[in-house]
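Visitor: Residues or ranges marked as domain 'EF-hand 1' in Swiss-Prot (evidence: sequence analysis): 16-51. Per Swiss-Prot, Ca(2+) 1 binding site is recorded for 29, 31, 33, 35, 40, and the stated evidence type is sequence analysis. Sequence annotations record features per position, and here Swiss-Prot assigns domain 'EF-hand 2' to 52-87. As annotated by Swiss-Prot, Ca(2+) 2 binding site applies to 65, 67, 69, 76, with the evidence given as sequence analysis. Annotation source Swiss-Prot lists domain 'EF-hand 3' at 90-125. Summarising the annotation, Swiss-Prot assigns Ca(2+) 3 binding site to 103, 105, 107, 109, 114. According to Swiss-Prot, the feature domain 'EF-hand 4' maps to 126-161. Residues annotated as Ca(2+) 4 binding site in Swiss-Prot: 139, 141, 143, 145, 150.
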């Protein structure tokens, strides 16, 4: 979901992106029938760090299921996610600049203290509970800090959540 610093995103997914999507799709297609059930689609989205509610999942399936069979085939899956994958809310340069703003000591990681300080500076003071929740949600490897990849994933998840309601 990375963008080439400042260049506009392409209108279509490239071959490499399609191959990655196909691999992801196949790994969640439990019975290998070429389609995803609601449960399989939910698992796939959660593996990407997203947390769709049941209503969001129902809406996604209704939107994707063009042949009305209650399942999501690969072509339907691509049609569903392609618009969000080809548009990038931030360029790589913007993401790096935002990350550097939060990573006050420049060590490549955002700690809870750095996050709290930066959010307070932005006028969004966090409670201890909010801070813990944000770190826990973004910290994929469990080391207590947020590295750049985890930061990008968190931003991407937030953008997806905003786009999908």
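In case you wondered, yes, glycine gets a Cβ from its N, Cα and C as well.
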Visitor: What are the helix, strand and coil residue counts for the domain 'EF-hand 1' (16-51) according to DSSP?
Guide: 23 helix, 2 strand, 11 coil
Visitor: Taking the centroid of the Cβ atoms of 103, 105, 107, 109, 114 (Ca(2+) 3 site), which other same-chain residues have Cβ within 8 Å of it?
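Guide: Sorted by sequence, the hits are 102, 104, 106, 108, 110, 111, 145.
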Visitor: Which residues, given as numbers and ranges, are at least 6 beyond the ends of the domain 'EF-hand 4' (126-161) yet have a Cβ under 8 Å from it?
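Guide: Result: 1-2, 48-51, 84, 89-90, 95-96, 98-99, 102, 108-112, 115-116, 119-120.
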Visitor: Provide the number of Cβ atoms within 10 Å of the Cβ of residue 107 (Ca(2+) 3 binding site), excluding the reference atom itself.
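Guide: Within a 10 Å radius of the Cβ of residue 107 (Ca(2+) 3 binding site) lie 11 other Cβ atoms.
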Visitor: Around the Ca(2+) 4 site formed by 139, 141, 143, 145, 150, which additional residues qualify by having Cβ within 8 Å of the site's Cβ center?
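Guide: Sorted by sequence, the hits are 109, 138, 140, 142, 144, 146, 147.
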Visitor: Select the most exposed residue of 29, 33, 40, 76, 103, where exposure means the fewest other Cβ atoms within 10 Å, treating these as the binding-site residues.
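Guide: Among the binding-site residues 29, 33, 40, 76, 103, the lowest count of other Cβ atoms within 10 Å belongs to 33.
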Visitor: For residue 114 (Ca(2+) 3 binding site), just count the other CB atoms lying within 10 A of its CB, please.
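Guide: Looking across every protein chain shown, the total is 18.
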Visitor: Rounded to a whole angstrom, what is the C-alpha distance between residue 67 (Ca(2+) 2 binding site) and residue 109 (Ca(2+) 3 binding site)?
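Guide: Cα-Cα, rounded: 46 Å.
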Visitor: Using DSSP, break the domain 'EF-hand 4' (126-161) down into helix, strand and coil residues and give each count.
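Guide: Secondary-structure breakdown of the domain 'EF-hand 4' (126-161): 25 helix, 2 strand, 9 coil.
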Visitor: Taking the recorded Ca(2+) 2 site as 65, 67, 69, 76, identify the other residues of that chain whose CB atom sits within 8 Å of the mean position of the site's CB atoms, giving them in sequence order.
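Guide: Going along the sequence, the neighbours appear as 35, 64, 66, 68, 70, 71, 72, 73.
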Visitor: Would you list the DSSP helix, strand and coil counts for the residues of the domain 'EF-hand 2' (52-87)?
Guide: 24 helix, 2 strand, 10 coil
Visitor: For the domain 'EF-hand 4' (126-161), what's the mean pLDDT in this predicted model?
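Guide: Within the domain 'EF-hand 4' (126-161), the model's average pLDDT equals 85.
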